[in-house]
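Per Swiss-Prot, the features are as follows:
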- Thr56, Asp133, Glu199, Lys229, Asp233: substrate binding site (BINDING)
- 200-202, Asn234, 263-268, Glu286, Asn321, 342-344, Asn390: NAD(+) binding site (BINDING)
Amino acid sequence: MYDSTSKIKDLSLAPFGKLQMEISETEMPGLMTIREEYEKLKPLKGAKITGCLHMTIETALLMETLQKLGAKLRWCSCNIYSTLDYAAAAVSTLENVSVFAWRGETLEEYWWCVEKALTWGENGEGPDLIVDDGADASYLVHKGAEYEKLYEEKKILPDPETGKNEEERCFLSLIKSSILKNPKKWTNMSKKIIGMSEETTTGVLRVKKIEKNNGLLFTAINVNDSVTKQKYDNIYGCRHSLPDGLMRATDFMISGKIVVICGYGDVGKGCASAMKGLGARVYVTEVDPICAIQAVMEGFNVVTLEEIVEKGDFFVTCTGNVDIIKLEHLLKMKNNAVVGNIGHFDDEIQIADLFSHEGIEIENVKPQVDRVTLPNGNKIIVLAQGRLLNLACATGHPAFVMSFSFCNQVFAQLELWENRNTGKYEKNKSYILPKELDEKVAYYHLKKLNATLTELDDNQCEFLGVSKNGPFKSEAYRY
């Protein structure tokens, strides 16, 4: 039954969304197995979960799984362009599920949606748990509480005009407005949140930064660093969705072209592999000597951006850092060069500086594709204004690989909820899931691919010092 408090684009899209969910179920064997094992037990009964994660069909199936396990949900997307409106419509019809997401939100609307997903009552009551992607929901709670303390002690309100970009100004404006309405909302909310589980590399960096400064207000489980997330979603997911996004956006031939991949972490590895497989000449930029030598050993040229910027046909950032492709680089690119980002946030490329630069002409070609005429007359193609091109220009990672990631999210939520009173997890620390669960997630997906495990005999188990049922590797093993 549709929750009238939801805010979505078009409820009439729900039947199509439900059909897509039904089709994708067969491609998400892990989530379906979790449902079979846990649905009758309702282990999440009573849990209020806020989600801030791309509102796709795969996410809809994650939400439905959490709901079937007993949870109540309030959900928003973590990117203004990544929502599939038919997915939002379909999942909003589930009992005890509210959705605040639509494709093409403004930044002001985006943060409104995040606040709505976090707010469970008229007096500002919050969730028990958070499913996060990029840590935006958790960040809002932390910064809100921080500014409330400043207001309580010194009567200083956040000044939106001090924001370094439009998004930060919207963010500060929301917190200012919130404090004037309820000066203890985020502080009170943070005290009741049991914990959060974080999906991405970028979000983990954000959480670690808060933790390092002794500012973590509730437990965090780092889902990204589970092997069955990091090595599958980040590598194989990007290997599938990057070329999908590039081809849908441009229809340009990739074979024979020069593709520059900025960053050779797990995401970069998947991107470079995909481009190589399509016949591109791949160049990699890196700061880490370990990642750089890995790229060279795979046959890629490792260069600086300055060396290749005037020659590249496609540029893709995937570093999790800021200001990777600067304005000075953009202005030097050749005619019809394509620029996009597959890292979580939009500040890897200085798009705002480009769009406001004197002499620039911007022409929208189609949704999330802009052609920018540079002062020298060259035209470059900018994808998704520097946001996630695989989700903005296509539909993101395939369902099968997301089944791995979302199994880890479900297990993280179960761990937090079931151990809320045991003391297993400290409130101001971050954790990763135990290896037993990592192996369990992998095991769930073997049957779908007709793979059969070899079983160790007793002598082999004794020699290795492991159980027949695992875990089979030490915590230090890097796969």
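Glycine too: its Cβ is placed from the backbone N, Cα and C atoms.
Within the group of binding-site residues (Lys229, His344), the Cβ with the highest number of other Cβ atoms inside 10 Å belongs to Lys229. For Asp133 (substrate binding site), applying a Cβ distance below 8 Å and a minimum sequence separation of six or more within one chain yields Cys52, Leu53, His54, Cys78, Glu198, Glu199, Thr200, Gly203, His344.
The closest partner of Lys229 (substrate binding site) among the binding-site residues, by CA position, is Val267; the full candidate set was Thr202, Val267, Glu286. Ile342 (NAD(+) binding site) falls within neither a helix nor a strand when secondary structure is assigned with DSSP, and so counts as coil. Neighbour list (Gly265 (NAD(+) binding site), Cβ cut-off 8 Å, at least 6 residues apart, same chain): Thr201, Asn234, Cys291, Cys318, Thr319, Gly320. Counting only same-chain residues six or more apart in sequence, the Cβ atoms lying under 8 angstroms from the Cβ of Gly263 (NAD(+) binding site) belong to Val284, Thr285, Glu286, Cys291, Thr317, Cys318, Thr319, Gly320, Asn321, Ile324, Gly343.
Among the binding-site residues Thr202, Val267, Ile342, the residue whose Cα lies closest in space to that of Thr56 (substrate binding site) is Ile342.
Counting Cβ atoms from all protein chains shown, Ile342 (NAD(+) binding site) has 28 others lying within 10 Å of its own Cβ. When Cβ neighbours within 10 Å are tallied across all protein chains shown, the highest count among the binding-site residues Glu199, Glu286 belongs to Glu199. In this structure, the CA atom of Asp233 (substrate binding site) is 8 Å away from the CA atom of Val267 (NAD(+) binding site). Counting every protein chain shown, 21 other Cβ atoms lie within 10 Å of the Cβ of Thr202 (NAD(+) binding site).
Around the Cβ of Thr56 (substrate binding site), a 10 Å sphere holds 23 further Cβ atoms from the protein chains shown.
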